[in-house]
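These notes are about the structure you will find just below.
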Amino acid sequence: IIPKYEHWLLNPLHLWQRNYSANACLFPICALHHVAVTTVEGIGNTKTRLHPVQERIAKSHGSQCGFCTPGIVMSMYTLLRNQPEPKMEEIEDAFQGNLCRCTGYRPILEGYRTFAKSKKQACGRSVTSKCNIPCTKMSQLFAATMKESGESECISPNLLFPQTHNNKPQKQLCFKGERVMWFQPSTLKELVALKAQYPDAKLVVGNTEVDSASAQEQLFHLGKYVSAMGQISAVSEFSGICFGASCSLSHLEEVLRKAVAQLPSYKTEVFRAVIEQLRWFAGPQIRNVAQQTCFLSFLLLRIHICILILLDEPIDHGNNTKASFVLLIISSNKANICFLFFSKGEYFSAFKQASRREDDIAIVNCGLRVLFPEGSDCVQEIKLSYGGMAPTTVMARKTCQELIGRKWKEDLLQEACHMLASEMNLSPSAPGGMVDFRRTLVLSFFFKFYLTVLQKLNIELNGNVSPSIIHSAGETVPPQYASATELFHKDPVDNVQLFQEVPPGQSIEDTVGRPLMHLSAAKQASGEAVYCDDIPRYENELYLTLVTSTKAHAKILSVDTTEAQNVPGFFCFISEKDVPGSNITGIANDETIFAKDTVTCVGHIIGGVLADTQEHSRRAARAVKITYEDLTPIVTIEEAIEKQSFFKWVRKIEKGNIQKGFEEADHIVEGEMYLGGQEHFYLETHCTIAVPKKEDGEMELFVSTQNLTKTQEFVANALGVPSNRIVVRVKRMGGGFGGKETRSTVVSTAVAVAAAKTGRAVRCMLDRDEDMLISGGRHPFLGFYKVGFKKNGRITCLDVSFYSNGGNSADLSFGVTVFHMDNSYNIPNIRGIGRVCKTNLSSNTAFRGFGGPQGMMVAECWMSDVALKCGLPAEEVRKLNLYHEGDLTHFNQKLEGFTLRRCWEECIKNSDYHARRKFIDEFNRQNRWKKRGMAIIPTKFGISFTVPFLNQAGALVHVYTDGAVLLTHGGTEMGQGLNTKMIQVASRTLGIPTSKIYISETSTNTVPNASPTAASVSADINGMAVLNACQTIIKRLEPIRSANPKGSWEDWVLAAYQSCVSLSATGFYRIPDLDYDPEKNEGKAFAYFSYGVSCSEVEIDCLTGDHKNLRTDIVMDVGTSLNPAIDIGQIEGGFVQGVGLFTLEELRYSPEGNLYTRGPGMYKIPSFGDIPTEFHVSLLRDCPNSKAIYSSKAVGEPPLFLSASVFYAIKDAIIAARQESGLKEPFRLDSPATPERIRNACVDVFTKMCPSAKPGTFKPWSVRV
């Protein structure tokens, strides 16, 4: 949080203090001179007292891995500093710049709802609503906890702002660094002089557009900051409103809102458009520091504007002034951007479409203005300007010229669209891709503008009457078209989470089944939680930066480090020549630590540069010059199929008689579906610290990994030492999701080699772009299916083939897709084949669900086709084909404890499915350009590693003489609450409070040979191992307890010690009876299954492809929950991650295999605004699971696929849109259902005006891998 003094509207001499949140990674340190800065550590801590903002996010279960929590805490704290009683809408807006990959956002909003002015009941319902559900509600317990906590004032005293903002003249500042000189002028005159002296210097205000690469290459940086240059940040008024050129966007928005509230609406036409666009321009942290010229270049300056900067003389704008919405006035002492008031008959609209609505760069945006003579609908002047249709903003000049003098009627619309389609054409190879979508958006935006203006003209020419009444001179907006003119609106999140209470009589100290708070949540909320890179630097520590390939497939001809050696702090360069043991690594021994002779993907590690600091190391790494000889890469699945480039292993499952099944079918449908990959986007990137121990080849590694055993094994192999010389430690991770199961070894092994060579501690933490490039993600899949079925929708036969893009190594690619190709449906005759394509991409790997979601997604695709072909409701066809208790799966495992049908019926009831279905049908009849859809989707997910020997776990329990217990197990904590659950298990088994039990870390020297924390089984197997160890302790204590039954735990422990009874015990567990034989297709593949059902409703904009998630109801069987709060958090987090997978997140590659989407600027995960407006989760009651610890069930991966209900709700809405165009046959919708795919699927007159180029006649900018 950064407090600033700002100039008051119309009174530049009046200053007031306002607080801003800002991104530390963007804010230049030099710009903080004379600025008070407060971080999360400064508002509260666990040693004294947490601030209420910290306490509430912890107690509402809004912190899982915790890596994002400090940023969210500070965003909320800043809001409360400025607005002690905010509205719920303001709270949601405050988080637009924050991302979380774990929680699903709902519990964060729930916790901070308690600060809102318009409070709701504890369950999230409005105060006036009634609720008769007898279950326990998560938020009721949270509200009670907050009441008991007796919190202090939410807002602490004012920050101590440095006493520098007074009447004394400010001085110019200059900071000199190793390569950078930073000036901070105090007056505009000084700024002009400095710019003249250093003409190539960058002008920096908010630093939001200065990326790290350009910053490192720029010799001189010229910085001017609002806090130091009051004269160009003031606000004044004339025939419009003038803002100083360095006014922040947040301040601009605030002033414009006041103007809109006070002035006639026609005058503030532009103001309202700017405010609307600002809602979706970056997040508050960016808008708080970004100056308005940055924003204006994206929107308003597209409309015939003359901009001249840094002149000593006033500018003569001539005739351009009248045509301008924004006017820049600069003289020797003024630099203002002025928004002119509009006159009557003047209309303006701005539109933007991005991949994600919040905090995303536009795919296409536009500013559209038209002027009519007063009392007329004849166009006097029109300006149509578009961004995203060329390297720079373009004006549709020909179209505008042709429309002048025309009446605002239907024929104008038709001709304008045809002219725009011709004038705003794009090459099919245009950078950015999405060519058809971008061309269609041009027409869609104009159509929206046409309708909006038509509505306003009707009102102006006919008085304040309904726009549906036709005026004498023009036309009207048809009622079914009216929704196309509505601005995006989303209500605050409303939610209910239901779970079953613990049995009556359960001891208060027994926390199993209770919603215990994540035991690290308070530390995470206060910034005290220690992650790998938080470990203090070791003496003489070196930093490693990896040098990676820029080619997808090539021979390495030479590596030149000459220039790198000249960088200050350079220590050495390492490569395959420096590996003391074996350079061969990987799960299948088909990888290298460092590339030798040949590289097989962009991002392939060639070597690494060691230097004294991170900055020096990165500079030196960029200076390494590598020459290549190009080889032909294989990038896509289709290329791999064509060239037969596969890994040897093929998985096949077949049951029944395929030929007979198709003969019995009334209909047969064939099709295919592509599912894109997904980046893990854990908030903490890969990180390793390696510390050599000077003797016998010992080394200690601190690693952010899910797999300590493979980390230890690979490092020992690389160093040529036994595994007992390598100790790997993990305290916590900032997220994992499978991405740190094996791919973390790529970094940790290289760091270990560097430490072994230098004999010094070495650290490496990847930047986000490095991490995305090197570590791989979820496998893209291409599925081909042929399905036979009866007229009533009963499936008789299925034949399906899966092809996944494995990348350049096998890794864990042989996953479980064919095990889940049935999803939840009983198919008597079925065959599935899975192949892994070997390509020149970074090796793809495990990701939550690991092949299961892709297999189930293809199943729901053909199920959707079957329902459409039969003309039956999709939910009826799905229910008809569901398994029953006792049925055999296609891999011949009997379904026992099959609760899916219970989940289905409860979800139908909770969601009020049938009544809402009728409402949606009526909504779709009344709206042409907005459509709603709804889908209910089941999931059946098998629980266990499919590699049988991995289904084992160990634990170690130490009891100390004061009664304290130190617990260690083989699992790792990455936000999923595993340590919390293990402490709950130990607490119940030992019969002591959780406060007496502590987990310090996971390490290879306490629990050896631990299986990776993956496959959702960690709580199951580690919980049983903990139970086993604790039972050993209890058994040893039994004679002592019998002799002193009234003694305390401490008494018994001390007596045992004095009686020489061991107070340390190991525990072990393996899942029994897993004996599946893939050759015979028989035996038990999984310990049990988790079940769930989700119903989702969405609304799509048929003109732009935008959609919003209106409501989701989930019913999940988690057995008897160990911790309902953690389990519900996993359900919501998995669901929202799946929303990203199926509707939002898209990896884009060049035809040469180069990844474009290397960071949050290009790759968009779900944000706060993407979760369902109504989000209801219910845990199925009375369904104990005898196969796992204390009757619980696994919960990490199974809920992810439930988000497919959003995808198929979107498809349901598209079906309604296509029916308006007379299209009723099944159609293909690949995943993710991005705005591009949604818009292109909603075939209409505008899409037909923008025909696609013929494949093969051009080279695309990006390819589907």
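Every residue, even glycine, has its Cβ placed from backbone N, Cα and C.
Taken from TrEMBL as is:
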ACT_SITE  E1197  active site, proton acceptor
BINDING   C25  [2Fe-2S] cluster 1 binding site
BINDING   C65, C68, C100, C102  [2Fe-2S] cluster 2 binding site
BINDING   L203, V204, V205, G206, N207, T208, E209, V210, F281, K352  FAD binding site
BINDING   Q706, F737, R848, A1015  Mo-molybdopterin binding site
BINDING   E741, F850, T946  substrate binding site
DOMAIN    175-290  domain 'FAD-binding PCMH-type'
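For the pair formed by C25 ([2Fe-2S] cluster 1 binding site) and C68 ([2Fe-2S] cluster 2 binding site), distance between Cα atoms is given as 14 Å, rounded to the nearest Å. In terms of Cα distance, the recorded positions that sit within 10 Å of C102 ([2Fe-2S] cluster 2 binding site) are F737, chosen from V205, N207, F281, F737, R848, E1197. Of the listed binding-site residues C25, C68, C102, L203, the Cβ environment within 10 Å is emptiest of other Cβ atoms at C25. A distance of 39 Å separates the Cα atom of F850 (substrate binding site) from that of N207 (FAD binding site). The residue listed as 'active site, proton acceptor' has its Cα within 10 Å of the Cα of these binding-site residues: F737, R848, A1015, taken from N207, F737, R848, A1015. If you draw a 10 Å sphere around the CB of F281 (FAD binding site), it holds 25 other CB atoms from the protein chains shown. Other Cβ atoms within 10 Å of the Cβ of Q706 (Mo-molybdopterin binding site) number 28 in total over all chains. Taking the C-alpha positions, the distance from Q706 (Mo-molybdopterin binding site) to E741 (substrate binding site) comes to 5 Å. In this structure the C-alpha atoms belonging to T946 (substrate binding site) and N207 (FAD binding site) are separated by 49 Å.
C68 ([2Fe-2S] cluster 2 binding site) sits 22 Å from N207 (FAD binding site), taking the C-alpha atoms as the reference points. Of the candidate binding-site residues, L203, F737, E741, R848, the one lying closest to C100 ([2Fe-2S] cluster 2 binding site) when CA atoms are compared is F737. Those same-chain residues not listed among E741, F850, T946 yet with C-beta within 8 angstroms of the centroid of the substrate site C-beta atoms are G738, L812, G815, V816, A846, G851, F945, A1014, A1015. Cα separation, V205 (FAD binding site) to C65 ([2Fe-2S] cluster 2 binding site), rounded: 34 Å.
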